[in-house]
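Taken from TrEMBL, the feature domain 'EXS' applies to 240-439. The transmembrane segment annotation in TrEMBL covers 71-91, 126-146, 158-178, 243-262, 283-299, 311-329.
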Amino acid sequence: MFGGVFSVPVNNPHLRKSGSRLIIANLGENDLKNSSMQLGTIAKLRSPLLLSSLKIGWESVMKMGQDTRELFFYETFLYYNPLLLITMMVWLWGVNLWVFSRTGVDYAAIFYLGPDHLSHKEIWKCARWMTTIILTSMTAYLYLYSHGDVSLAASQPIVLYLSAVIILIIPFDIFYMSSRYYLLWTFWRILFPVQTVSFSDFFLADILTSLSKVLSDLERSVCRMVHRQVATVAWFEADSVCGSHSAVIPLVLVLPYLFRLFQCIRQYKDSKDIANIWNAGKYLTAVPVIFLSALKYFIDQDTWTYSIQPAWILSGLANTFFSFFWDVLRDWDLSVFTRIFKFTKPNLCSHLLYGRRWVYVWVIGSNLVLRWTWTYKLSAHLRNNYITVFIITLLEIYRRFQWAFFRIENVWYKINNPKRTTSHQTNPVSLQNDNGGEQEKLLAHSHSLGV
């Protein structure tokens, strides 16, 4: 259960041979209708019913035999942990927006959002829906799996993934269409950074670097669905097309870092600010961490131990400290730690956090530690310790959550103190110049909004 080596009972009734049945093709109209009805009734769920679902799920797990239970945990993590982690990121983003709304930080001006942008309450509403739907689907998966109906159980993650895609792209004025399309347009700009990079572009791309393991798991989940490997023994075949030794995994892991690398090059082209080249170098240091780790599956043990592993450790240290110092000195700019958590109205949260030295000590210290653990997680040869990797990914999401407070505070401070920012930018070695021309656009936009 905790990342050890599993023995696979070949006669287990809950497993099928890889490719034996095409789950999507074998879903009849009634099955699809029933699955859709399950998702359609989520709106009526409340906390007691959600707790009941969790109880059913737990009882279903306990009903399984020991071998089956271990096999289930190993597989279900692939399908549901990336969606749960994304949901956690949405919950925490709602907390970010709640603090900004209480401290007078106009995040709408920073992200160029229209008057109909989502508030923290609406973000939390989306997170509640996501939590309920995902946990309900997982409960159905657990229940059906434990009762031996493997084919219908395997349809649950498929219906869930298809529903998520449909809701995201549906071209109707429902489910916050303007916000959905703003998100999709930002993703498009990240994929093809041929235009001037906006704050929202690189901010979301930075978040994707924290979700690189999530993206990798999503790719493996879709791969298994496409290759008819859901609830099959192929999960344990490391050399299978969707196995843990797949060469696609490091390629997906590295993509968010390449996106940021290309954005930095584009920013340098627009601004001629050499700081953007240094920033590009920071993301470039993640590449050897990922690919050196992946080499373990393709070389002998001695070569790994005496040649590749030392290089991997050195590259991990370089990436950790480069990223850490960049966070503290450039993204946050310690000299402006004066307003964060200063609420416009008295609040217990503000009393506990505003101006407290321990907050900054904690943020800086935890950022360093979590930067290193995230480097650990990026390593392909450690991915089989899936519980450990899940916890580390959760901690990285928390690190990004607290990073966002000071990153956006820094930009907002520069909008409101253009003279001070300009004086800093006259120093060619200063790290205060923020994203080449982006500040000027923010200033113009904020003035147009009456900020």
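From the backbone N, Cα and C atoms, a Cβ is placed for every residue, glycine too.
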Where among 71-91, 126-146, 158-178, 283-299, 311-329 do we find the most Cβ pairs under 8 Å to the transmembrane segment (243-262)? 283-299
Should anything in the same chain at least six residues away from the transmembrane segment (311-329) have a Cβ under 8 Å from its Cβ atoms, list it; otherwise answer none. 278-279, 281-282, 285-286, 288-289, 292-293, 364, 367-368, 371-372, 375-376, 379, 403, 431
Mean predicted confidence [pLDDT] for the domain 'EXS' (240-439): 76
